[in-house]
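Here's what TrEMBL has on this protein:
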{"type": "TRANSMEM", "residues": "44-62", "note": "transmembrane segment"}
{"type": "TRANSMEM", "residues": "74-96", "note": "transmembrane segment"}
{"type": "TRANSMEM", "residues": "102-120", "note": "transmembrane segment"}
{"type": "TRANSMEM", "residues": "127-146", "note": "transmembrane segment"}
{"type": "TRANSMEM", "residues": "152-173", "note": "transmembrane segment"}
{"type": "TRANSMEM", "residues": "185-201", "note": "transmembrane segment"}
{"type": "TRANSMEM", "residues": "213-231", "note": "transmembrane segment"}
{"type": "TRANSMEM", "residues": "243-264", "note": "transmembrane segment"}
Amino acid sequence: MSPSGKESHLSDRVPPQAFFAVSAVFHYLGPALAVMLFEHVGVFGVTWLRIACAAVVFAVWCRPWRLARRLGRAQLGLLAALGVVLAAMNTVFYLACARIPLSTVGAIEFLGTIVLAAIGVRNRRNLLALVLAVGGVAVLADVRLVDEPLGFVFAFANCALFLVYVVLGHRVANAGPGLSGIDQLGAAMLIAAVVVTPYGLGDATAAFTHPSLLLAGIGVAVCSSVIPYVTDQLAMARLRRATFALMLSILPAMATVIGLAVLAQVPTIQDLAGIALITVGVAVHQEPEKGKIS
C-alpha cells in the first residue's frame, strides 16, 4: 500500500483529535531536546539538522518530487510558500528558545491563532471558550519585554509565521482528491531544507564528526518536524480551521509541561493558573457538526 493509501486508511479509523494530541506532545518535545544541542552546533546548526534530516525522511518515505508533474503552477507556488515559511518559522523559533523559556515562546506562539479562532466563533459557548483560552495565554505568558527584548522579537515573529503555517497547512491538507497532504508536506520540507542550507550547514558540520550529535539531530528532526507535521496534516484534513486553531490553545500548557520535564524549567503558580484557564477553554469549546473552513 502506498503512503497516500495508508494515510487515508489511518485517518478514517482514528479520530482527528487523537492526531492532534500526538502533535501537541511532540510539538515541544523535539524543541526541548534541540535546546540541549545549541551549545554544540548552535541555533542555526540545529535548525539545519532538524529540517534537513526531516527532508531526508520524507524523501525516502514519500518521494515527493513525483508531485512536480501532477501539480499546477498555483499548487506548486503554495508548496514553495509553505517551504519558506517552515524554514523561517523554525529558525526564529529556535532563536527565541535560546533566549527565553520554552513555555513563554509557546504562549506567544498561540496568540496569532486567536484571529483564526475568532473567525469561526458563531455562538456564545465558543466565544466563552475563546475568552478563557486567551485569558489563559495572557496569564501564562506574563510578558516582560525588558528582560529579553530580542527573544520576544523572535517569539512574536514565530507567532506570525505559525499563523501563516496554519493557513497554508489547511490549504495543502484540503488540496483535493488524489493529492496526499503528507506527500505535499514532504515536498515543502525539501524546499525548506534548501532555504536553510546557506546559513545552517556550516554550523551543523560539527555534528558530522560526532555520531552522537548526528543521531540527536535526527531524533530532533523526527520529533519536531516529521511526527507533529504529519499528524497536523491528518488532523487538519478533518477539523474546521477555527476548531483546529482553538485546540492549539493547549500548546502553551504542553510547552510548560515539557519545559519542566526535559529542561527543568519549573512553572510558577501563575503558570499553573494559565494552564487551568486554557484547559477549561478547550473543554468548553463546541465543535460545529458540519462543514469545514479551508
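Cβ coordinates are placed from backbone N, Cα and C, and glycine is handled just like the others.
Here the structure is a predicted model, which means the values were calculated and not measured.
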> Do any residues of this chain, six or more beyond the ends of the transmembrane segment (185-201), have a C-beta under 8 angstroms from a C-beta of it, and if so which?
Replying inline: 44-45, 47-49, 51-52, 54-55, 58-59, 61-65, 67, 79-80, 82-84, 86-88, 90-91, 172, 225, 229-230, 233
> Where else in the chain does the transmembrane segment (74-96) make close Cβ contacts, counting only residues six or more beyond its ends and a cut-off under 8 Å?
Replying inline: 31, 34, 38, 43-44, 46-47, 50-51, 67-68, 105, 108-109, 151-152, 154-155, 157-158, 161-162, 164-165, 168-169, 171-172, 175, 179, 184-185, 187-196, 224-225
